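Q: Before I ask anything, let me first share the structure, which is written out below as structure tokens.
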Amino acid sequence: MKPVNIGILGLGTVGSGAVGVLRKNAAEISRRLGRDVNVFIVSTRDAEKARAVCDTHTLVTNDPFSVVKHPEVDIVVELFGGTEIARELVLEAINNGKHIVTANKKLLAEYGNEIFSLAEQKNVMVQFEAAVAGGIPIIKALREGLTANNIKSIAGIINGTSNFILTEMREKGSAFADVLKQAQELGYAEADPTFDIEGHDAGHKITIMSALAFGTPVNFKACYLEGISKLDSRDIKYAEELGYRVKLLGITRKTDKGIELRVHPTLIPECRLLANVNGVMNAVRVDADMVGETLYYGAGAGALPTASAVVADIVDISRLITADTGNRVPHLAFQPSQVKAQNMLSMDEITSSYYLRVQAKDEPGVLGQIANLLAEENVSIEALIQKGVIKQTIAEIVILTHSTVEKNIKKAIAAIECLDCVYEPVVMIRMESLHASNG
Ligand code: NDP
Ligand code: HSE
């Protein structure tokens, strides 16, 4: 069979990794696919690098538009990142009848609806396994492996850079800035690392998974984002003393009232598998009605793990190119006519339990006043511990609550902060028990 011709946009970390994987494992990939994958053309600004990375027969250009228009190219592999030129190139490629493989979660979370809609019109496939959790085949699992289920919730450690930083800070006491620099040197971080540490990257990924799980359009604007940059190492320490780990989680959950979609630091019991996912590793936990809880673990970033997912998509498309378009796996897992917008819950409407840290005067009656204000908002306390006196007369009080609606905890916090005996804003971190739900 004739080789499938691919055109690669960008020879950065993932682009060079993809060419490397296709060269190194060419024989094994052909044994599985039944034909060769030919890197026909690459677009790069660095011709010297291209010559070092690619086979001699691969064409090299610095004009990416010539790749997306080239009549010999079957599949365009977009590895530029970002949304400006990448969006233009992907739309142009689709208009030219090219199938797309992309690792670009930002592009799909923000412009996925436009891209999938055009792809459906033009009968081409858009595959994006590498866009979520790097090398872990979570898109395939959500789109195909869990087809028999109603998915109830997804919770994932889906930003390797943040997890790497949290792990190094906890295990080695390293400084935030040093670990971030290390993550950048290792090729884990986004071009703009604030995307990693402020939760945007995880937000892009959980937005994509939410759409796949619940059959909705992608809706990044509805995603609440809170990163790790304001985390205080004291809270990581106190959480640990109480049997919890702090992780940056992407969470989406279907409730009777609507869909929760959020990213924030989260306390999880240390006995949970997710709590023990360390370094750059990612893990995604899916709770579904028939299979129950499943967990997917692996490298969430880096050249070769990400390239592994990119190449899997190339192989998938190559197998399906000749399939009847009606029998292809839908982009967002559900038939396009069945993808429907659903109510997205605001953060005030979500349900969670909470870790609070309050700095207050160390004198009789303070704990009682705080407990009363929580009770007034119907917030039930699971544990309340005075962590000791930090300055002469100031005590730190750590409170764990039972599950409540976020609006209630916010009202209680506002009231607590108005007490004369309370100093400093109250620190609030959400908690997830990650118990498998029934049925
Ligand atoms: P890099 O910054 O390493 O590489 C991107 C490459 O794209 C550049 O090296 C450049 O190629 C090309 N490029 C980007 N912008 C332009 C432009 N305006 N004009 C011409 N060329 C351009 O990024 P990564 O490889 O890390 O990431 C690529 C994509 O993969 C992103 O969407 C990212 O989010 C995603 N991703 C990355 C992961 C990782 O671990 N790094 C993991 C999962 C997904 P050249 O230098 O050849 O000119
Ligand atoms: N910057 C991302 C991360 C790369 O750290 O997880 C993978 O998407």
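Glycine too: its Cβ is placed from the backbone N, Cα and C atoms.
In case it helps, TrEMBL gives these features for our protein:
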type	residues	note
ACT_SITE	K205	active site, proton donor
BINDING	L9, G10, L11, G12, T13, V14, G15, S16	NADP(+) binding site
BINDING	K105	NADPH binding site
DOMAIN	355-430	domain 'ACT'
Q: What is the Cβ neighbour count of G15 (NADP(+) binding site) at a 10 Å cut-off, with all protein chains included?
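A: Excluding its own Cβ, the number within 10 Å is 28.
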Q: Inside 8 A of the center formed by the CB atoms of L9, G10, L11, G12, T13, V14, G15, S16, which other residues of the chain have their CB, for the recorded NADP(+) site?
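A: Other same-chain residues with Cβ inside the cutoff are I8, G17, A18, T44, L79, F80.
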Q: Around the C-beta of K205 (active site, proton donor), how many further C-beta atoms are within 10 angstroms, looking at every protein chain?
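A: A 10 Å sphere around the Cβ of K205 (active site, proton donor) contains 28 other Cβ atoms.
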Q: Could you tell me the C-alpha distance between the residue listed as 'active site, proton donor' and T13 (NADP(+) binding site) in angstrom, no decimals?
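A: The residue listed as 'active site, proton donor' and T13 (NADP(+) binding site) have their Cα atoms 19 Å apart.
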Q: From the Cα of K105 (NADPH binding site) across to the Cα of T13 (NADP(+) binding site), what is the distance in angstrom?
A: 16
Q: Measure the Cβ-based neighbour count of G12 (NADP(+) binding site), defined as the other Cβ atoms within 10 Å of its Cβ.
A: 17
Q: Have a look at the binding-site residues (T13, S16) and report the one with the fewest Cβ neighbours inside 10 Å.
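A: Taking T13, S16 as the binding-site residues, the minimal 10 Å Cβ count falls on T13.
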Q: What counts of helix, strand and coil residues does DSSP assign across the domain 'ACT' (355-430)?
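A: Its residues divide into 23 helix, 37 strand, 16 coil.
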Q: Looking only at C-alpha atoms, tell me how far S16 (NADP(+) binding site) is from K105 (NADPH binding site), rounded to the nearest Å.
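A: Taking the Cα atoms only, S16 (NADP(+) binding site) lies 19 Å from K105 (NADPH binding site).
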Q: Those recorded positions, L9, S16, K205: which ones have a Cβ sitting under 6 Å from ligand 1?
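A: From L9, S16, K205, counting a Cβ under 6 Å from ligand 1 as near, there are none.
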Q: I'd like the Cβ neighbour count for L11 (NADP(+) binding site), meaning other Cβ atoms within 10 Å of its Cβ, all protein chains included.
A: 24
Q: What is the number of other Cβ atoms found within 10 Å of the Cβ of L9 (NADP(+) binding site)?
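A: There are 26 such Cβ atoms around L9 (NADP(+) binding site).
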Q: Enter the number of other CB atoms within 10 angstroms of the CB of V14 (NADP(+) binding site).
A: 28
Q: Fewest neighbouring Cβ atoms within 10 Å: which of the binding-site residues G10, K105?
A: G10
